[in-house]
Amino acid sequence: MMGKNQELLRKLPKIDEMLQDEHLIFFTEIMPRQVVVETLREVIDMVRREIIDGRREEIPAVEELAGLVKQRVFEEQGKSLRRVINATGVVLHTNLGRANLSRRACESVLEAAGYYSNLEYDIKKGSRGSRHDHVEQLIRKITGAQAAMVVNNNAAATMLCLSALARGKEVITSRGELVEIGGSFRIPEIMEESGAHLLEVGATNKTKPADYRKAFHGEMTGAFLKVHTSNYKIVGFTQEVSIRELAALRDESEEFSVPVIYDMGSGLMTDLSGCGIGEPTVTEALKEGADVVLFSGDKLLGGPQCGVVIGKKEYVDRMKSHPMARAFRVDKMTLAALEATFFEYQDSKRAMREIPVLRMITETGIRLKEKAEKLCGQLSEAAPSLEFMVEPCRDQVGGGSAPLVMLEGYAVTVSGEDFNAERSERLLRKEELPIIARVARDKLWLSVRTIEETEFKWIREAFSKQNQVRWQDA
């Protein structure tokens, strides 16, 4: 036995010879050579130990060894941030990256990333320019605002706004609007970091204009802040103070002349009441009298992650010149994506068609059912041992937007004899292109609202593989 093992050990290929083999020579050109060499040593050492332990009776072919090397390299060196297929039915899925960009926005990002640009260069004057210029005019045109600027997210917009306009002063806010925006970031904490002082008024369920008036302390008061509670709702015996009412209080006398700031959160640009989403639009907020409006770029707007600031020029200019503005500024790719997104809003019908978030939210039941039936047919052919059915489901907007709104949709459900939904869900996540689905009532659910038809082939291939296994533990 020892003699046979020694003979096998002598036949193990040398590192240099393996690196010159056709199965690896190209691989060393597309991956770091040192990584390939180290992994190859690990694989050969593994085979050597298996021979010594008596667990291997033959030398694996060079092709098999090369395959093991490639597999290990891909597992260890593969991208952490990966594309996935969203089959959850949650349109603005925060964990899956929120808004998909429009085709125009993607093309704009690619161009901005791959080439030099006039990010801070005025081509007409031949001198230094401002990065704000690339989106400000377009945003002003669409929203009707006097001025606009963009920072890296809405929390940054809120902090910058409070620091620039109310540092060292009291900011009056309704007790029922002291939201947590996710990740344990809370309005009171953001306000504290900005240097402004929170003065909460009213009760959790009821706040009245008189509460703001009573809390006003002359020069000690820096602003009225209204926060849209986009990720929760208080229902029942309730009352809140509208932007219109705050603006009326501001205009009541010189004494109350402080900015009315509205943190809108989701940044809805077009009316979606037909889908049950009764949130105010950005333009409506300005018309009702808000001096500064803050909102996210990657929620209902359907653009990149950023915080958009619009409002009166005197206030936005103070924010632009604030030292913190540089720390919160966005890069050229964000600006390129945002400009392309706002470009679509010049025509509301085009925006509904071209911006994926709006298209998914407004997709008709008839269209969703047709889409589900098409996917169901393909999966039934690919995996005949499983049972696929089209069933109605309830989708969500997500992203902390419209929490009470359930979108009527359709899903393909998977079941069958010996079918384990949890195991299937795990296997889908292990695919080369991971598929994120959900399990409910002992079935696997694939909501078609958030699946592109071009992604059907990946789902079909995944279930074809599952059809061939015996449902062992994933």
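The backbone N, Cα and C atoms fix where each Cβ goes, and this holds for glycine too.
Nobody curates TrEMBL annotations by hand; they come from automatic prediction.
Remote same-chain partners of the domain 'L-seryl-tRNA selenium transferase N-terminal' (9-48), defined as residues 6 or more beyond its termini with a Cβ less than 8 Å from a stretch Cβ, comprise 56, 59-60, 62-63, 65-70, 72-73, 76-77. Sequence annotations record features per position, and here TrEMBL assigns domain 'L-seryl-tRNA selenium transferase N-terminal' to 9-48.
Residues or ranges marked as N6-(pyridoxal phosphate)lysine in TrEMBL: Lys299. Taking a C-beta cut-off of under 8 angstroms and a sequence separation of 6 or more, Lys299 (N6-(pyridoxal phosphate)lysine) has the following same-chain neighbours: Leu92, Arg98, Ala99, Gly265, Ser266, Gly267, Val357, Gly399, Gly400, Ser401.
The DSSP breakdown of the domain 'L-seryl-tRNA selenium transferase N-terminal' (9-48) into helical (H, G, I), extended (E, B) and coil residues amounts to 31 helix, 0 strand, 9 coil.
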